[in-house]
Amino acid sequence: MTSLHETGVTVRAPAKINLHLGVGPVRPDGFHPLATAYQAISLFSTVTATPADDWAVTCTGQVGIDTAGVPLDDTNLALRAAKLLAREHGVDQPVALHLDKGIPVAGGLAGGSADGAAALLACSLLWDLSLPPARLLELAGELGSDVPFGLVGGSASGHGRGELVEPLEDHGRYDWVVLTFDTGMSTPAVYADFDVLHEGVEVPDPEIPPALVAALRAGDARALADAVGNDLQPASLRLRPQLAEPLRAGLDASAYAALVSGSGPTCLFLCGDPDHAASVAAALSPYGRALVCHGPVPGATVL
Ligand code: ATP
């Protein structure tokens, strides 16, 4: 029998959206406490880890995905994940990582974090480390605030910087249009503008709306539409006023809800079923790249 160690291990991890992003008051160290509800959606990155003489990372993009912005050096999150795991668990076996990305790069969909989560799981299996899920989550949190959710998937709450992840009960399937643009936005610039907008205002501690938790539990897309939200959206719209147009166009095309994803510029449109999503996507295509997908989907999974 061929062992995993010869053929390599392939793991697939999903993109994430923020159904709600609650942002708290900035602290002296510049940190904003978050209370967010994540959902994993059906855009995926796959990572294949194969034993090699030296550490290496290569990358391809699935149809329509431009991978020019993906670093192929030590800053690549998948490579950082593999090296962190090796260092922490005394492994002396370099791997070649191949990423096949179906998640738009720098679109606020945590594509790099998905690669990091997939690489952690792939390498832990390749090296037979038999780690408990809690240990992988701990390492994921060291890599970045969205990496733990890449492991957990589904629908989940995120606190702290977003790295303290707890699954949320979800009995629904939600059809989404994800509208991406060629030009990204700087996440630090959006947070800085959030601070400007809230100067002299007491910002409450962030919380996930109870109505959103109830909507997921009931699997009710209409109720979810009333509960989604993003505290960063006013800042994103100030920095990129043109986003107002596709948000309006999506609602005019009968999307249940339209919101900016995370710090933007990617926009999200909640729909009632796949046909509805296809018609909303057609209406949005003049503004950017409209991808039809659904959630929730599982976190990092071995293929
Ligand atoms: P952020 O988490 O910063 O909001 P994002 O979700 O908008 O990121 P990503 O696709 O994760 O978008 O890419 C953000 C940046 O992370 C890229 O511009 C790139 O420089 C860096 N990066 C590091 N590793 C990866 C990777 N494996 N894939 C994509 N980008 C990566």
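Sequential numbering from 1, following the chain as shown.
The backbone N, Cα and C atoms fix where each Cβ goes, glycine too.
The annotation active site is assigned in TrEMBL to Lys16, Asp146. TrEMBL lists Pro104, Val105, Ala106, Gly107, Gly108, Leu109, Ala110, Gly111, Gly112, Ser113, Ala114 with the feature ATP binding site. Positions annotated as domain 'GHMP kinase N-terminal' by TrEMBL: 76-154. If you look up TrEMBL, you'll see 213-285 marked as domain 'GHMP kinase C-terminal'.
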Just name the winner among Ala106, Ala110, Ala114 (the binding-site residues) by count of other CB atoms within 10 A of its CB.
Ala114
Cβ neighbour count (within 10 Å, all chains shown) around Gly108 (ATP binding site):
28
Confidence summary (mean pLDDT) of the domain 'GHMP kinase N-terminal' (76-154):
96
Which recorded positions among Lys16, Pro104, Gly108, Ala114 have CB under 6 Å of ligand 1?
Gly108
Starting from the Cβ centroid of Pro104, Val105, Ala106, Gly107, Gly108, Leu109, Ala110, Gly111, Gly112, Ser113, Ala114, which together make up the recorded ATP site, report each further residue of the same chain whose Cβ lies within 8 Å of that point, ordered by sequence.
Ala15, Ile103
Can you tell me whether DSSP puts Ala110 (ATP binding site) in helix, strand or coil?
coil
Using C-alpha atoms only, work out the spacing between Ala106 (ATP binding site) and Asp146 (active site) and round it to an integer in Å.
13
